[in-house]
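Enquirer: According to Swiss-Prot, the feature active site, nucleophile maps to Cys647, an assignment based on similarity to another entry. Residues or ranges marked as Ca(2+) 1 binding site in Swiss-Prot (evidence: similarity to another entry): Asp123, Asp125, Asp127, Glu131. For Asn154, Asp156, Asp158, Asp166, Asp177, Asp180, the entry in Swiss-Prot reads Ca(2+) 2 binding site. The Ca(2+) 3 binding site annotation in Swiss-Prot covers Asp156, Asp158, Asp180, Asp389. What Swiss-Prot records for Asp166, Asp169, Lys171 is Ca(2+) 4 binding site. What Swiss-Prot lists as Ca(2+) 5 binding site is Glu354, Phe408, Leu411, Glu412.
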Amino acid sequence: MLRERTVRLQYGSRVEAVYVLGTQLWTDVYSAAPAGAKTFSLKHSEGVKVEVVRDGEAEEVVTNGKQRWALSPSTTLRLSMAQASTEASSDKVTVNYYEEDGSAPIDQAGLFLTAIEISLDVDADRDGEVEKNNPKKASWTWGPEGQGAILLVNCDRDTPWLPKEDCSDEKVYSKQDLQDMSQMILRTKGPDRLPAGYEIVLYISMSDSDKVGVFYVENPFFGQRYIHILGRQKLYHVVKYTGGSAELLFFVEGLRFPDESFSGLVSIHVSLLEYMAEDIPLTPIFTDTVTFRIAPWIMTPNILPPVSVFVCCMKDNYLFLKEVKNLVEKTNCELKVCFQYMNRGDRWIQDEIEFGYIEAPHKGFPVVLDSPRDGNLKDFPIKQLLGPDFGYVTREPLFETVTSLDSFGNLEVSPPVTVNGKAYPLGRILIGSSFPLSGGRRMTKVVRDFLQAQQVQAPVELYSDWLTVGHVDEFMTFVPIPGKKEFRLLMASTSACYQLFREKQKEGHGEAIMFKGLGGMSSKRITINKILSNESLTQENQYFQRCLDWNRDILKKELALTEKDIIDLPALFKMDEDRQARAFFPNMVNMIVLDKDLGIPKPFGPQVEEECCLETHVRGLLEPLGLACTFIDDISAYHKFLGEVHCGTNVRRKPFTFKWWHMVP
């Protein structure tokens, strides 16, 4: 922010200058002196404060002009004013020059001043109101004491008949659209008119032009028009000076989320320009700057309350749908069914989208992240979710191959954690990747870069490429502990399964049958004894447990978890022709979490005393924590297609009460 400038005097002539309140004018009396001059005196209007600065020492000048000072190259004048002028050029400073012993001035130089107030203002203190001239408005800092304005990407669609998000064009069709934007006020105060040759200009840099847009409301009382003045091809806008005390209201929208090449910070400037002569560029004599940070996209972990549960209606999932509906009715959320005309045979709604939100002090709304997967559900987020106060964002790779790891069953987020004194109050994003140096599948770089650039939920890469589908939700999830600010990490465990089966075998239940009543699963009769005696299956699951333990160690380190924070759920996997794992029975960790109510894949485990021993075991682990276990039959509609309950559902949750700008990344 330019706060000091130099004005050059010329003996024998009158110089006019505009002074902006809060700045200082410097003028060199020595270089403006006529030949033979040795001393000078000063006269000035009462509205001007004049100081003679000699060798760094300042002396304030009274208005009568009797005192004289010796001319020297180290002598300058410092001028300031405290109030805006009511008339142009109404304040003046006169410098009289004298010969060494002369009593009458040999010449003089005059400076005629017009004082105005200019301030570009935003909500820099983040209280939802635009304050006046916050001294920290040009910078941006994190933390509860941080300063700096916040901008939302205007990625919802307030006008239903538009094909895309509101930020995709340069038009505003409603006041609702303006409410998504941050307010910016240009405050001016001064005489009815400025001296000739001055202009006030709003502008942005070329590098910010695709990241921010600014609108102005014309004729706010008679047939409002919303004028796009900055952004995209428009780098500057001349503001009409109206005189008196004025406030011009602008609305600012974000156009892009933070990304690999964009930190999220944008700046808007206002400059007062001075005209010199035709064909000579205007010169900036004052600049004020405001800085915004574009609000990041934030994921919501399982510990947050659910708002809506989404599930697809298929030809073969009527019973599954009914059980999910019964589960949802126990909670305070609503069930939203994606019917066949929209899902077009694609049941994997978890893989297509991830729900999150954006927030500023004045507003927030949910935003869905659309995966690069683009199955038959690809139109669902645009056609069914994007709307008023419901935003949309996507990232599509240009040259990378999209794999199963780009589906959002491979994108989860932890509850809030503190790791080695470093707080993650919004949790940490978890994505599955390939084993180091293996050259396997990995989530596409454009999505990873997007997640990293949001800054507030620092991602952790896990190892999921050992699985056929390769998603982190196949081996882990988080559950809240009702009534406490605690959670547990649930992990699939083949060793826990073998331990349970061996216990049941010792108790005399070795012939207990799995998949009882499901003749379509296999023509073979599968018992505990057969599983425990299958050496190849045992070896495979020992390898799979090593893969699980690798992830367990990463999660313990990156989330600062201890063994008491982790609950092992029995699981078995079998190796496919590519030596990757698929679930042997419905994978219970792939559950839906709705507060204390858990919708768990029904495992169809060995029947011990007419009860599934896997269900009994899991209830014994979770129900003492206050959680309610509902086992949902997904075996024919999801499990046989390599997915479970979590893969076939999606949950939009309430946002964090914690404000993201209060954290320090």
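Each Cβ is built from the backbone N, Cα and C atoms, and glycine gets one as well.
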Enquirer: Rounded to a whole angstrom, what is the C-alpha distance between Asp166 (Ca(2+) 2 binding site) and Asp389 (Ca(2+) 3 binding site)?
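Expert: Cα of Asp166 (Ca(2+) 2 binding site) to Cα of Asp389 (Ca(2+) 3 binding site) measures 11 Å after rounding.
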Enquirer: Identify all same-chain residues not among Asp166, Asp169, Lys171 whose C-beta atom falls within 8 angstroms of the centroid of the Ca(2+) 4 site's C-beta atoms; report them in sequence order.
Expert: Thr159, Leu162, Cys167, Ser168, Glu170, Val172, Tyr173, Asp177
Enquirer: Note the Cβ centroid of Asp123, Asp125, Asp127, Glu131, the recorded Ca(2+) 1 site, then list each other residue of that chain whose Cβ lies within 8 Å of it, in sequence.
Expert: Ala124, Arg126, Gly128, Glu129, Val130, Asn134, Pro361
Enquirer: Would you count the other CB atoms within 10 A of the CB of Asp166 (Ca(2+) 2 binding site), including those on all shown protein chains?
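Expert: 26, counting other Cβ atoms within 10 Å of Asp166 (Ca(2+) 2 binding site).
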Enquirer: Please give me the recorded positions out of Glu354, Asp389, Leu411, Cys647 that lie within 10 Å of Asp158 (Ca(2+) 2 binding site), comparing Cα atoms only.
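Expert: Passing the 10 Å Cα cut: Asp389.
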Enquirer: According to DSSP, folded down to helix, strand and coil, what is Asp389 (Ca(2+) 3 binding site)?
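Expert: The residue in question, Asp389 (Ca(2+) 3 binding site), is coil (DSSP, three-state).
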Enquirer: List every residue in the same chain as Glu354 (Ca(2+) 5 binding site), at least 6 positions away in sequence, whose Cβ is under 8 Å from its Cβ.
Expert: Met299, Val368, Leu369, Ser371, Phe408, Leu411
Enquirer: Give me the sequence-ordered set of same-chain residues, not including Asn154, Asp156, Asp158, Asp166, Asp177, Asp180, with a C-beta within 8 angstroms of the centroid of the Ca(2+) 2 site's C-beta atoms.
Expert: Cys155, Arg157, Glu165, Cys167, Gln176, Gln179, Met181, Glu253, Pro388
Enquirer: May I ask for the distance between Asp127 (Ca(2+) 1 binding site) and Asp180 (Ca(2+) 2 binding site), taken between their Cα atoms and rounded to an integer number of Å?
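Expert: Each residue's Cα considered, Asp127 (Ca(2+) 1 binding site) and Asp180 (Ca(2+) 2 binding site) end up 16 Å apart.
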Enquirer: What does DSSP call Phe408 (Ca(2+) 5 binding site) in the simple three-state scheme?
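Expert: DSSP call for Phe408 (Ca(2+) 5 binding site): helix.
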